[in-house]
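Student: Once you've had a glance at the structure underneath, I'll fire off some questions.
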Amino acid sequence: MAAATRGCQPWGSLLLALLGLVSAAAFAWDLTSLRCNFGTFCECDFRPDFQGLECDLAQHLAGQHLARALVVKALKAFAQDPAPTKPLVLSLHGWTGTGKSYVSSLLAHYLFRGGLRSPHVHHYSPVIHFPHPSNMERYKKDLKSWVQGNLTVCGRSLFLFDEMDKLAPGLMEVLRPFLGSSSVVFGTNYRKAIFIFISNTGGEQINQVALEAWRLHRDREEIRLQELEPVISRAVLDNPHHGFWRSGIMEEHLLDALVPFLPLQRHHVRHCVLNELAQLGLEQRDDVIQAVLDSTIFFPEDEQLFSSNGCKTVASRIALFL
């Protein structure tokens with residue numbers, strides 16, 4: 001899916017921006033620490049632009065009425081509360097290529113002045129940060145230290161945890177004290193932090209609900225959150241490979257929202273192709289659009305309704321057909 005700058009205009013590659021997540025000048029960190037200790041004297045570089053976020057989501061996030069409405073509503077309420085009782089904790093669920101990582105990147109971009117390069121946006125990946133299950137005890141100590149240290153520097157921090165379905169169960173338990181409603185944990189004020197967890201778990205169940213709605217001739221926009229929350233929750237609880245399996249985070253209801261991403265249909269993939277062409281500065285080309293659609297696998301076998309990888313490979317496929 002195409003990305004955008006503040007003001008809802010095209011911007012550069014998300015990949016390059018993500019690579020800059022780990023870069024921050026040591027002097028800037030020290031100065032921010034002096035000014036933002038415990039998150040009480042300033043908001044660090046937290047500068048939410050909700051108009052830009054809503055515009056970008058409306059233009060570029062295809063087929064996700066539930067995720068779009070839920071995320072914006074939750075963020076607005078949280079950011080406008082001068083004294084939240086707990087951090088905002090969202091868990092994004094859905095099939096591959098439906099927009100979960102894209103949305104999380106937009107949140108960083110529109111919430112922090114430095115966007116994805118902000119020293120207060122922290123991205124964790126199981127493959128990069130927690131690759132060896134045998135080192136779990138060390139990872140627990142490291143994660144607790146990282147979160148506590150970053151919140152001490154800036155209470156308005158964003159933590160992104162990707163691929164939760166590839167994370168060894170038990171590691172996330174060290175976050176439990178940070179996700180609840182206590183005012184101070186380990187000497188750190190953390191109630192203004194935002195935690196985003198991303199996984200494909202629940203994707204099959206969400207797809208089934210969407211398929212049944214289609215078979216009953218229900219409009220896609222008629223699907224409600226109340227239909228999806230129970231099946232997503234059950235999918236997480238039943239998945240021994242998910243980071244929240246047998247977790248107190250689920251049992252204590254510390255997640256503020258389970259955000260569902262619906263499977264994408266043919267016209268949604270077409271929308272993604274148009275967005276990508278626009279980002280490349282190219283006019284609409286029907287031959288390229290059709291070639292991408294023809295090369296995309298749709299399921300189930302009989303209905304050929306949903307894209308097997310959403311819009312994940314749209315950019316690479318366009319390059320093949322230009």
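Even glycines carry a Cβ here, placed using N, Cα and C.
So TrEMBL has the following annotated:
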type    : residues                                                 : note
BINDING : Gly94, Trp95, Thr96, Gly97, Thr98, Gly99, Lys100, Ser101 : ATP binding site
DOMAIN  : 267-319                                                  : domain 'Torsin-1A C-terminal'
SIGNAL  : 1-24                                                     : signal peptide
Student: So if I measure Cβ to Cβ from Lys100 (ATP binding site) and keep only same-chain residues at least 6 apart in sequence, which ones fall under 8 Å?
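Tutor: Expected: Leu92, His93, Gly94, Ile198, Phe261.
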Student: Give me the count of other Cβ atoms within 10 A of the Cβ belonging to Gly94 (ATP binding site).
Tutor: 28
Student: In this structure, which of the binding-site residues Trp95, Thr98, Gly99 has the fewest other Cβ atoms within 10 Å of its Cβ?
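Tutor: Taking Trp95, Thr98, Gly99 as the binding-site residues, the minimal 10 Å Cβ count falls on Trp95.
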Student: For ATP, what surrounds Gly94, Trp95, Thr96, Gly97, Thr98, Gly99, Lys100, Ser101 with a Cβ no more than 8 Å from their Cβ centroid?
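Tutor: Neighbours within 8 Å of the Cβ centroid, excluding Gly94, Trp95, Thr96, Gly97, Thr98, Gly99, Lys100, Ser101: Tyr102, Asn200, Gly203, Phe261, Gly310, Lys312.
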Student: I'm checking region-level scores; what's the whole-number mean pLDDT for the domain 'Torsin-1A C-terminal' (267-319)?
Tutor: 96
Student: Run through the domain 'Torsin-1A C-terminal' (267-319) and tell me, per DSSP, how many residues are helix, strand and coil.
Tutor: 29 helix, 4 strand, 20 coil
Student: Within 10 Å of the Cβ of Ser101 (ATP binding site), how many other Cβ atoms are there?
Tutor: 19
Student: Counting across all protein chains shown, how many other Cβ atoms sit within 10 Å of the Cβ of Thr96 (ATP binding site)?
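Tutor: 17, counting other Cβ atoms within 10 Å of Thr96 (ATP binding site).
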